[in-house]
Amino acid sequence: MNRIDQRFATLKAQGRTALIPYLTAGDPAPEYTVGFMHALVEAGADIIELGVPFSDPMADGPVIQKACERALKHGTRLTHLFAMVREFREQDTETPVVLMGYLNPIERMGYEAFADQAQAAGVDGVLTVDMPPEEADEFGPVLKARGLQSIFLVAPTTSDARAGTISAHGEGYLYYVSLKGVTGAATLNVDEIDAHLAPLRKLSDLPLCVGFGIRDGATAAAVGKVAEGVIVGSVLVGQIAACVDDPAAIAPRLKDILGEMRQALDA
Amino acid sequence: MGLPHPNPEFAPDAGGFFGRFGGRFVAETLMPLILELQEAYESAKQDPDFNAELDALRRDYIGRASPLYLAERLTERLGGARIYLKREDLMHTGAHKINNCIGQVLLARRMGKQRIIAETGAGMHGVATATVAARFGMECIIYMGSTDIDRQQPNVQRMKLLGAKVIPVTSGTGTLKDAMNDALRDWVTNVADTFYIIGTVAGPHPYPAMVRDFQSVIGREAREQVVEKEGRLPDSLLACIGGGSNAMGLFHPFLGDEDVRLIGVEAAGEGLDTGKHAASLQGGSPGVLHGNRTFLLQTAEGQITDAHSISAGLDYPGIGPEHAWLHESGRAEYVAVTDDEALDAFKTLCRLEGIIPALESAHAIAHAIKLAPTLPEDHVMVLNLSGRGDKDMATVTEHLADELAAGAPAADAPAQ
């Protein structure tokens with residue numbers, strides 16, 4: 001069984017909500033990423049989403065765009081990400097890792113070369129932000145053949161018909177984008193999210209995880225009441241941005257923030 | 001080159017693909033929006049009232065049809081092909097960009113959207129968008145790279161005068177591609193009331209086909225006009241290419257006429273071998289950006305690189321997917337000319353025809369200067385003069401400072 005499915009099965013048995021942090025690989029520099037991943041797991045992460053830096057992250061807000069720029073300044077590339085995951089797996093063989101990014105760097109490497117190396121490194125899933133299921137006919141099977149799960153986004157504007165198509169293609173979990181807009185934007189309405197998730201539950205057996213807009217223990221706990229998982233990105237990446245000149249301070253801060261969310265979710 | 005011959009009737013397919021190029025490579029947040037747009041556009045296209053209003057605005061507001069002008073002194077000087085200029089520079093706002101904006105703003109109104117957003121590089125698309133937004137009483141937000149704002153001040157002032165808000169984009173390299181990223185971000189954040197007017201034949205389906213359709217008025221007119229003047233179809237068509245909207249507008253009605261040569265002119269900047277250029281087809285490789293698969297300027301790792309051209313309007317690291325397809329299938333030819341060649345052509349047209357062309361259009365003229373002398377006198381060439389050059393005075397003055405100071409611009413590049 002894929003590590004992602006395994007993890008959700010365990011959480012379900014325990015009656016707990018998945019906590020899924022996102023970091024852009026290579027931010028603020030490549031040598032820190034693996035340490036951050038371990039710190040996140042210590043603070044209670046269930047799955048790690050590792051961002052592949054891209055020059056033009058159109059679906060992300062300024063916080064993640066800046067993270068991409070910092071990572072790219074250090075020359076972070078896909079081969080480095082595979083090395084990071086391999087190193088992470090030397091100590092942690094259980095926590096699922098999902099690569100999240102844009103299609104162009106993957107196309108440039110080649111679908112098969114990418115999937116071979118991702119599998120060998122110990123990656124479990126791939127979320128290609130700018131590849132809706134309509135465009136996934138070629139890449140999806142390449143991933144599947146290597147046991148890599150394709151994670152897809154669902155938006156508040158997604159129709160029921162589309163949500164059906166997406167969940168038919170999707171594996172692992174559905175990433176529900178809780179706000180209309182880009183990552184890191186402001187407000188959050190839990191009732192509205194609940195209303196949107198209800199029809200999705202009828203269409204899909206996949207765990208529903210909500211991302212975009214989760215900032216602290218309180219927002220995590222609120223969303224955790226209506227979803228199987230919460231995804232937290234910009235608030236963590238914002239901490240890295242605040243500490244670029246003092247990288248030693250980053251891991252403790254990441255642990256504080258994620259730890260508070262873990263506590264709030266498990267309370 | 002082994003690909004099926006492009007048939008204008010069947011491109012793009014239902015998924016927005018021209019061969020392997022095009023498509024809808026967008027995040028799920030955008031997908032419902034472009035599906036809604038596609039449906040609205042398909043319905044508007046069939047609606048006689050929509051088309052009648054568009055035709056009336058083309059005639060009375062834009063000033064169409066644009067003339068097809070025989071450039072006699074240029075033709076005589078080059079001593080070869082007869083060169084006709086399609087005078088898009090004479091249209092309202094001074095370039096072809098308005099053809100697309102007027103169509104999209106009518107569609108926005110039909111969809112009940114009251115807020116218009118757009119990206120702009122040189123500012124010509126921004127000015128055209130601000131113009132139609134003012135005409136229809138809509139709010140208008142223009143995203144423009146901070147680098148471009150510095151070098152295109154007159155257009156920034158024009159947009160503001162027309163009531164648009166110009167938002168400087170500092171992310172990335174502060175140029176057109178970054179402005180497009182921010183416009184896309186605005187769109188997904190303001191879904192309910194906002195219409196995004198993309199300025200070129202790129203982006204997710206249906207934009208490449210829709211912008212082409214609105215620009216194809218150029219080619220349809222040129223076809224009638226050249227038949228009227230010459231009694232036959234032209235032998236070649238020539239147009240400059242950044243994203244490729246003026247070229248696609250001229251080419252499209254001729255795609256099925258296999259004897260008509262289609263030639264697109266990219267910006268070679270400081271030279272194709274210097275890395276400082278904007279020639280996506282000749283100096284790039286296939287990839288995915290801004291919602292479509294096409295040729296891009298990129299690194300070996302798939303990061304998008306900066307384009308360079310003296311002309312801000314050609315300064316984009318991608319190209320419309322239909323051009324990528326015409327390039328691979330061999331139906332159209334693509335060449336490139338450098339900044340210096342474009343500047344020489346700019347001077348030549350000023351002095352021989354009394355027309356100050358946009359630096360973008362000067363790229364097409366530069367290639368005509370190379371090509372025309374090699375062709376017979378009965379060869380009929382139609383060149384799209386996509387815009388006028390007033391906006392480029394600062395750039396040109398800077399590059400030609402010495403000549404202008406001497407009071408005698410060395411205009412007569414080609415020998416008598």
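Quick reminder: no glycine exception, Cβ is built from N, Cα and C everywhere.
TrEMBL labels come from automatic prediction, so no person has curated them.
The annotation active site, proton acceptor is assigned in TrEMBL to A:E49 (among others). Within 10 Å of the C-beta of A:E49 (active site, proton acceptor) we count 25 further C-beta atoms, all protein chains included.
Annotation source TrEMBL lists active site, proton acceptor at A:D60 (among others).
Following the DSSP three-state reduction, the secondary structure of A:E49 (active site, proton acceptor) is strand. Recorded residues A:E49 (active site, proton acceptor) and A:D60 (active site, proton acceptor) have their alpha carbons 14 Å apart, per Cα-Cα distance.
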